[in-house]
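This report refers to the structure that appears directly beneath it.
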Amino acid sequence: MELVRREDPQLREVVWFAGRCRALTLLLQASAVFNLLIPDHAADAFSPPRLSEPSPWDVLVEWLLGGLSHWDAEHFLFIAEHGYLYEHNCAFLPLYPLSLWAVARGVLWPLQRLLRLRSRLLLSAVLLNSLFSALAAAALYELGRLVLRRRRVAFLAALLFSLSPANVFMAAAYSESMFAFLAFAAMWQLEKGQSWLGGLLFSLASGARANGLINAGFFLYSQGKRFALQLQVGPGSLRKLPLLWKQLLSLASSAVLMSAGIFLPFAVFQYFAYVRFCGPGTGLEGTVPEPLLQLARDKGYRPAAMDGDKPPWCSQRVPVVYSYIQDTYWNVGFLRYFELRQIPNFLLALPVTLLVSWAAWTYVSANPWHCLTLGLERSKSEGEEKPRDGFCCPAAFVYVVHATALLAFGFSCMHVQVLTRFLGSSSPILYWFSAHLLQEHEPLLWSPGTDNPPPGRSVLGESPGSCGKGTPDNPVVRLLLNWRLITPLSKGILGFFLCYWLLGLLLHCNFLPWT
């Protein structure tokens, strides 16, 4: 596979570092470590009853990995085991639970005599998320190499991804790891000019998380930029362009088809939910285990395909269950979270909010005209001098806009504490800008004997113990081992990553509220 080609030692280090970080995550979250320090909190969260008696092996799996099945993970595991039985399950899109079901009933089928289905689903989540996290780190590295054109910054950013502040959600039975891989890989393919493959990956991403729909903007911008630049090649050349209106029609139709493909999985799922919850009763209650029906009665959940009153969203002109659930069950809406009692959650979101806002300000300050023209004006010096590389390069514009849009929407319309994982799994900007700051301001990452990091040179070469085998030095490990020597800015960035990495495991895995 191209993502893990052997001739790139930095890519190998990215994948190996991701694997080691995931192993450490699984070790620390295990009941044997953190649950001995903090017992599970009795949270008022979705907690369906278990329908079969656990075997000793089930008990062992739950003891070792149970911390990864809390909060929204219960929904994904429940959907993979029982389908979309309750209305509020439809807030979770189907690609990830389908993948869990396929692995549990396929790859892990030989374990069915030892483990019940739920335990195999939990094991599937661990295996899939470990794989997707490593692939996402590799895709982020390749994307960074193409966009930033600074290998060392791309390398550092990919390593930081493995220490993501959203780490616990990359490890737990959530869809974040899958989505990060699909989104970063799609962006990478689009940068390579592989539009149809990028479109397919973006389409799959929108089947995993609803915020994947905004990725259609990458195609719209790409096609619009291509046409705008063609119009600026000069009058003489313009007349030589074969039938400009046909080119416009071709680009527009391509953008529309790609965008429709990205929206298709979400639209199909909304139709599925409409048929399941708004169609005539099918006597489904006869096939649903009584404990699950009793849970619905106790908690006020609305089961699927039952006789009686239909949900209010069924009568809407455009019946979209996703937005109804967000509004009704979780009170998600514009400025609804702006309450005094939510101040602690705003404080949780403050570091990532400041970091992404700083990234946007830095980029706009360095490229004011490029931003004003939306990057659609051909550079007058194009071909005369090499364009700027690094974080402030012209190619990063669309990614900065994407991250800023996600930040604005999440801060004003969502439960603000989820911003960390929302941005950490959707945008490369969090990692690119952090790597940019470290590379620009941390002397330990500069070439020996210089005061500034010269282009193309740094001490990210072979490690002292590599014996000339091409093993790259891991800059993140080096900074952590020299903690006392690094700058306050470096301590702030790495401290944010590490604190959220560890606190997320400690709190989330013990059913305590986290981001």
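Just so you know, the numbers here start at 1 and follow the chain as drawn.
From the backbone N, Cα and C atoms, a Cβ is placed for every residue, glycine too.
According to TrEMBL, the feature transmembrane segment maps to 121-141 (among others).
What TrEMBL lists as transmembrane segment is 153-175 (among others). For the transmembrane segment (153-175), the residues of the chain that approach it from at least six positions outside its boundaries are 10, 13-14, 17-18, 21-22, 25-26, 29, 67-73, 76-77, 92-93, 95-96, 100, 121-122, 125-126, 129-130, 133, 136-138, 140-145, 208-209, 351-352, 390-391, 420-421, 424-425, 428, 431-432, 434-436, 438-439, 445, 460, 472, 474-476, 494, 496-498, 500-501, 504-505, 508-509, 514-515, judged by C-beta separation under 8 angstroms.
What TrEMBL lists as transmembrane segment is 196-221 (among others). Outside the transmembrane segment (196-221) by six or more residues, the chain places 93-96, 175-176, 178-179, 182-183, 185-190, 255, 258-259, 261-266, 269, 322, 398, 401-402, 405-406, 422, 425-426 with a CB less than 8 A from a CB of the stretch.
Same-chain residues lying 6+ beyond the ends of the transmembrane segment (248-269) with a Cβ under 8 Å from its Cβ atoms: 90, 93-95, 195, 199-200, 202-204, 206-207, 210, 212-213, 215-216, 219-220, 223-224, 226-227, 322. Annotation comment: TrEMBL describes 248-269 (among others) as transmembrane segment.
Under the heading transmembrane segment, TrEMBL lists 346-364 (among others). Sequence-distant neighbours of the transmembrane segment (346-364) (same chain, 6+ residues past either end, Cβ-Cβ under 8 Å): 165, 371, 391-392, 396-397, 400, 403-404, 407, 411, 416-417, 419-420, 423-424, 427, 429-430, 432-434, 493, 496, 500, 514-515.
Annotation source TrEMBL lists transmembrane segment at 396-416 (among others).
Taken from TrEMBL, the feature transmembrane segment applies to 493-514 (among others).
Through the fold, the transmembrane segment (396-416) approaches residues 147-148, 187, 211, 214-215, 217-218, 221-222, 330, 332-337, 342, 345-346, 348-349, 353, 356-357, 359-360, 363-364, 367, 370-371, 374-375, 422-423, 426-430, 432 of its own chain, all at least 6 residues removed from its boundaries and within a Cβ separation under 8 Å.
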